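Residues annotated as NAD(+) binding site in TrEMBL: T130, T131, K142, K151, T169, L170, Q171, T172. Sequence annotations record features per position, and here TrEMBL assigns Zn(2+) binding site to E184, H248, H264. Sequence annotations record features per position, and here TrEMBL assigns domain '3-dehydroquinate synthase N-terminal' to 68-179. Look at TrEMBL and you will find 181-323 tagged as domain '3-dehydroquinate synthase C-terminal'.
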Amino acid sequence: MNEVLIQTPSKSYSVHIEAGIRHRIGSILKSASSYSRILIVADENAARYYEKDCVNALISHGFAVSVYTVPAGDQSKSMKQYEDVLTFALAEGLDRKSCIVALGGGMVGDLAGFVAASYMRGIGFVQVPTTLLAHDSSVGGKVAINLGKAKNMVGAFYQPDAVFYDTETLQTLPMDQWRSGFAEMLKHGIIGNVALLERLLKDCPTLEAVKQSSQFAELLATAIQVKADIVAADETEAGVRAHLNFGHTLAHSLESLSQFQLSHGDAVAIGMRFALKLSRRFTGVTEDESNWRQWFDQYGFPRMPQHFDPDALLALMKKDKKASYGTLHMVLLDALGVVSVRTMEDEAVLEELRSFQKEEQR
Ligand SMILES: NC(=O)c1ccc[n+]([C@@H]2O[C@H](COP(=O)([O-])OP(=O)(O)OC[C@H]3O[C@@H](n4cnc5c(N)ncnc54)[C@H](O)[C@@H]3O)[C@@H](O)[C@H]2O)c1
């Protein structure tokens with residue numbers, strides 16, 4: 001088993017990474033906790049494949065278990081769904097010693113985590129991530145729901161008690177979801193571990209190779225470690241945690257303008273290439289843009305959409321909740337493995353966006 005220890009001022013916990021660990025969550029939790037009742041909040045697709053195993057693993061160790069299944073897709077990170085889960089928790093008799101288990105990807109992790117953070121002012125929370133992207137979202141304690149179309153506008157920092165990452169569950173994940181999560185793995189290499197980036201590019205030249213890699217659990221643990229180190233240094237994003245947003249300012253605007261047809265990871269991949277372009281101009285980094293384009297093409301990531309208006313993208317970037325008072329801050333690359341937050345002038349970003357869009361034509 002690979003294990004990554006997450007140490008934050010509010011809580012320390014382990015991310016356990018192992019094929020088949022879903023069958024052991026009951027025994028591990030029994031020895032470490034005394035939850036009065038467990039509510040599994042499951043994404044419908046994750047539930048279809050893995051709910052029964054998790055329920056059996058918990059019941060066989062004496063836990064009282066209820067299950068609430070939410071429809072797949074980000075629309076479930078809504079006020080309505082949040083209220084419905086809270087109401088269900090109350091009806092099922094969850095008390096302050098109870099625990100919410102999130103079974104699924106980042107969507108259900110964020111929703112269930114916010115329920116756990118707010119139900120009776122905070123109860124136990126365990127993540128059982130089943131997507132590759134969740135190597136990012138299940139670690140670090142950011143939980144949230146969307147407010148209408150505004151992403152993650154209502155939330156909290158609420159660390160889980162434990163994360164059980166069963167690599168077997170990724171075998172049923174569609175390939176476009178592998179690609180989405182892989183963008184965040186590349187990002188963790190780019191911003192904090194160049195050796196990881198080089199290993200990914202050399203040993204896993206295709207997504208199928210990532211999926212089949214005998215080193216996969218270890219690569220995952222290495223990517224999680226990058227996030228763990230940053231979160232340990234800055235739990236609530238007062239400083240270096242913002243570095244995790246590399247590529248994300250443009251990405252959030254792309255996701256929004258595409259009405260969420262572009263996946264998070266696909267948008268982040270485009271955003272990282274744009275951040276590199278800005279970095280070449282403003283930090284003097286010499287990384288080759290065409291090399292980066294080639295890496296991302298090789299994994300099947302999409303190019304910058306040609307029909308999006310740069311002015312509309314800029315307006316959305318300035319509305320990002322990480323912008324302050326309408327001033328744009330972006331994470332740029334100082335060198336491979338080293339990033340910093342820079343304040344950007346609107347005109348410069350617009351000019352680079354226009355030229356980036358042209359360069360991204362196939
Ligand atoms: N909290 C954080 O720090 C953080 C970080 C990044 C992203 N996020 C959030 O994470 C969400 C995106 O997460 P995601 O990419 O995991 O998406 P997701 O949770 O929506 O899952 C993607 C798709 O995969 C399906 N699925 C999940 N597990 C499966 C499995 N094992 N087999 C088959 N299908 C499966 C789901 O039903 C869904 O259709 C967004 O809401 C984003 O805002 C949060």
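Backbone N, Cα and C atoms are what each Cβ position is placed from, and that goes for glycine too.
Looking at K142, K151, H248, the binding-site residues in this record, the fewest other C-beta atoms within 10 angstroms of the C-beta turn up around K151. Among the binding-site residues listed (Q171, T172, E184, H248), T172 have a CB atom closer than 6 Å to some atom of ligand 1, in sequence order.
Here nothing among the binding-site residues E184, H248, H264 falls inside 10 Å of the CA of T131 (NAD(+) binding site). The two recorded residues E184 (Zn(2+) binding site) and L170 (NAD(+) binding site) have their Cα atoms spaced 16 Å from each other. Restricting the average to the domain '3-dehydroquinate synthase C-terminal' (181-323) gives a pLDDT of 95. A straight line from the CA of K151 (NAD(+) binding site) to the CA of H248 (Zn(2+) binding site) spans 13 Å. Rounded to a whole number, the C-alpha distance linking T130 (NAD(+) binding site) with H264 (Zn(2+) binding site) is 16 angstrom.
The separation of L170 (NAD(+) binding site) from H264 (Zn(2+) binding site), Cα to Cα, is 17 Å. All protein chains included, L170 (NAD(+) binding site) registers 22 other Cβ atoms within 10 Å of its own Cβ. Neighbour counts of Cβ atoms within 10 Å were compared for the binding-site residues T130, T169, and the top value is held by T130. The two recorded residues, Q171 (NAD(+) binding site) and H248 (Zn(2+) binding site), have Cα atoms 27 Å apart.
Spatially, by CA atoms, the binding-site residues K142, T169, L170, T172 include one closest to H248 (Zn(2+) binding site), and that is K142.
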